[in-house]
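Report on one structure; see the data block that follows.
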Ligand code: AMP
């Protein structure tokens, strides 16, 4: 067995609002994997004002994806520093050309796909209402106002931010689906796609944890932490 046989090359995929952020942070807490998020990488480049950061900002501001060649170069460059590590890619690959470019350099062992029903995500993402004058934030599920649609203190109407409106959320989810379905299909065909379905992150997580225990090399498992 070569050194690479002892390392895990994984990716995680899930729509906005699927709980991908929560699941990723739990994975990192329980397993010694380097977490490489393409969004974080881009934001870091933007903050530092690098050439890629300046370019990326023009695309992100228009709600567009970064061109495949730029994105692939950026991520593969980062991965060069991690040849001795097990890693978890997050947000990359987002397109089939990105998946193919990654494949030319690394063999992906597993792709964790979080599959949460459209309606549940829509409910989660549209649950936030604000009182514009004070900035008070309510969440219909976790922190609802005493009366629906009305600020507790002033009695004034609550509004939704553009991003939280059902029309916008549906558009984002449809765009995600259209964009990533071919990537999921690509990994399905390769036999490395592992789909976890459910409506609650806390119920999905134990399955992801149990699955990773069978996949992550012993040397990258943290012994003492409970899921
Ligand atoms: P995220 O935090 O993953 O939602 O990424 C923020 C933004 O960065 C996205 O909306 C895209 O514009 C861009 N981005 C992140 N990852 C990729 C990728 N793999 N390919 C193209 N664009 C990306």
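Backbone N, Cα and C define each Cβ position, glycine as well.
Feature annotation (TrEMBL): of 7-36, 37-66, the stretch labelled region 'NMPbind' is 37-66. Per TrEMBL, the listed range annotated as region 'LID' is 127-164 (candidates: 127-164, 165-202). A simple way to gauge crowding: the CB of residue 94 (AMP binding site) has 18 other CB atoms within 10 angstroms, across all the protein chains here. Taken as a whole, the domain 'Adenylate kinase active site lid' (128-163) shows an average pLDDT of 95 in this prediction. Counted with DSSP, the region 'NMPbind' (37-66) comes out as 22 helix, 1 strand, 7 coil.
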